[in-house]
Amino acid sequence: MVAVKEERSIEEGLLKLKNQNGASDCRITACVFLSTFVAICGSFSFGVSLGYTSGAEVGMIKDMGLSIAEFSAFGSFSTLGATFGALFSGKMAIMLGRKGTMWVSDILCITGWLCIAFAKDVLWLNIGRFSSGIGLGLISYVVPVYIAEITPKHVRGTFTFSNQLLQNCGLAMVYFCGNFISWRMMAFLGALPCFIQGIGLFFVPESPRWLAKAGTDKELEISLLRLRGRDADISSEASEIQVMTKMLESGSKSSFSDLLQRKYRHTLVVGIGLMLIQQFSGSTAVLCYANTIFRKAGFSVAIGSTLLSIFVVPKAMIGLILVDKWGRRPLLLTSACGMSLFCMLIGLAFTLQKMQLLSELTPVFTFICVTLYIASYAIGVGGLPWVIMSEIFPMNMKVTAGSIVTLASWSSSSVITYAFNFLLEWSTQGTFYIFGAVGGAALVFIWFLVPETKGLSLEEIQLSLIREPDEIYHT
């Protein structure tokens, strides 16, 4: 009874603080821009790794004498390493802080890319791919969490979605440069943003939410002043963070059994479900093996990869612009609908090719559908699961929940990455029909279960989800 009264008093305090938000909520300072840029440098390396197998496939198989099975294994080692990194991502982000975790990921990614660049045999290729994969597993969790925790609520979605934008920049570089530079040189380019991030982290503040959990109130205020401006009134925001942290710390601890409590179950289902949708709708397979798809369709690989490199960055800008205007749910629904539709059309194109009907149109039609599929993915399903993951889990549950969700993403990605080439051998059209069906199921999942979090502070989101999840579904 005492605990209930204490929780109610804390909630009342949060409601009062919500009505006292000052100008500091709306300020976007140079420090916020710099901190976000430094964080998303790791996302550029993420994008390079994602598209690396597409750009490096022909040259690597030729130079290293790899079989299809060996090259598929090489591609999947990144996601396998990321699965391993995901196991420790949440715990490391709590123990070392958000910045410390990014430093560790930089070391692992740089080591991995250099192993690939200087590899003399398949063993070193796989070691390098696995090492960089571990780093990517850490990056995929900590970058969106860090950005969500430092940005004002009215632009949090836009800034967190920039993580997806930089991934697409890395992807575009690989698609474009793969036409005229070697796979070893592309590995060097993958390591470069990690060097930049490692240096830049010395000049940006730690997450104020992590500092509150660590109990360093003075450092929390210093961090907020750097992020909101030296003349900003940060007392209301600091109090809100401290009160919510106190409320959560007095309740459940970060363990798997606590995560299964009724009040946390919904957020866990949403987090894991969105990650499974992201992977089993075929996104990683299409991005990693776009050139393979073009080759099977009879479309020029050089032209296809060059056009994709031009297209992938502008289409990512659409989601960046709309995420804080439309909201998360409309973009996710639009994205899933587009992915499902264009996968079905790709399957239809390969069906017609197999039946030797309209064979002259199949290559161009396939390219257009792949391009539109990637565009649909980029505006929602590509980045928003990570945005929502960074928002819905309370601080005391981010260690366990974040690790489980990231693990779900990378383990399923590993399965898809390894199996895709074999699925194409089984049935090219059937593979895309399966991906399309998953996209259709995603629409139902998003409509009934995924909440809208636009315009709410992290503390408001977490309080609403814990108390009354249905209240913010259609905000």
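In case you wondered, yes, glycine gets a Cβ from its N, Cα and C as well.
Curation does not apply to TrEMBL; its annotations are automatic.
Database features (TrEMBL):
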- 28-52: transmembrane segment (TRANSMEM)
- 35-454: domain 'Major facilitator superfamily (MFS) profile' (DOMAIN)
- 64-88: transmembrane segment (TRANSMEM)
- 100-119: transmembrane segment (TRANSMEM)
- 131-148: transmembrane segment (TRANSMEM)
- 187-204: transmembrane segment (TRANSMEM)
- 268-293: transmembrane segment (TRANSMEM)
- 299-323: transmembrane segment (TRANSMEM)
- 330-352: transmembrane segment (TRANSMEM)
- 364-387: transmembrane segment (TRANSMEM)
- 399-420: transmembrane segment (TRANSMEM)
- 432-450: transmembrane segment (TRANSMEM)
Query - Segment-segment contact (the transmembrane segment (64-88); the transmembrane segment (131-148)) at 3 or more Cβ pairs under 8 Å - result: yes
Report task. Residue list, the transmembrane segment (28-52) vs rest of chain: Cβ under 8 Å, 6 or more residues beyond ends. Result -> 78, 102, 105-106, 109, 113, 132-133, 135-136, 139-140, 143, 146-147, 150-152, 155, 159, 162-175, 183, 186-187, 189-191, 193-194, 196-197, 200-201, 203-205, 226-229, 284, 287-288, 290
Query - Contact ranking winner - 131-148, 187-204, 330-352, 399-420, 432-450 against the transmembrane segment (364-387), Cβ under 8 Å - result: 330-352
Report summary line: Near the transmembrane segment (187-204) in space but 6 or more residues beyond its ends, with Cβ under 8 Å, are 31, 34-35, 37-39, 41-42, 44-45, 48-49, 52, 99, 102-103, 105-107, 109-110, 113-114, 116-117, 128, 132, 135, 170, 173, 177
Report task. Could you tell me the mean pLDDT over the domain 'Major facilitator superfamily (MFS) profile' (35-454), as a whole number? Result -> 86
Query raised in the report: Taking 3+ C-beta pairs under 8 angstroms (sequence gap of 6 or more) as contact, is the transmembrane segment (330-352) in contact with the transmembrane segment (432-450)?
Result: yes
**Report entry** Two-stretch contact, the transmembrane segment (268-293) and the transmembrane segment (131-148), at least three Cβ pairs under 8 Å
**Finding:** no
Query raised in the report: Given pairs 6 or more apart, does the transmembrane segment (131-148) have at least three Cβ pairs under 8 Å with the transmembrane segment (299-323)?
Result: no
**Report entry** Within-chain partners of the transmembrane segment (399-420) [C-beta distance under 8 Å, separation at least 6 from its ends]
**Finding:** 72-73, 75-76, 78-80, 82-83, 85-91, 93-94, 137, 140-141, 145, 254-256, 258-259, 264, 267-268, 271-272, 275-276, 278-280, 282, 284-285, 288-289, 385, 389, 393, 431
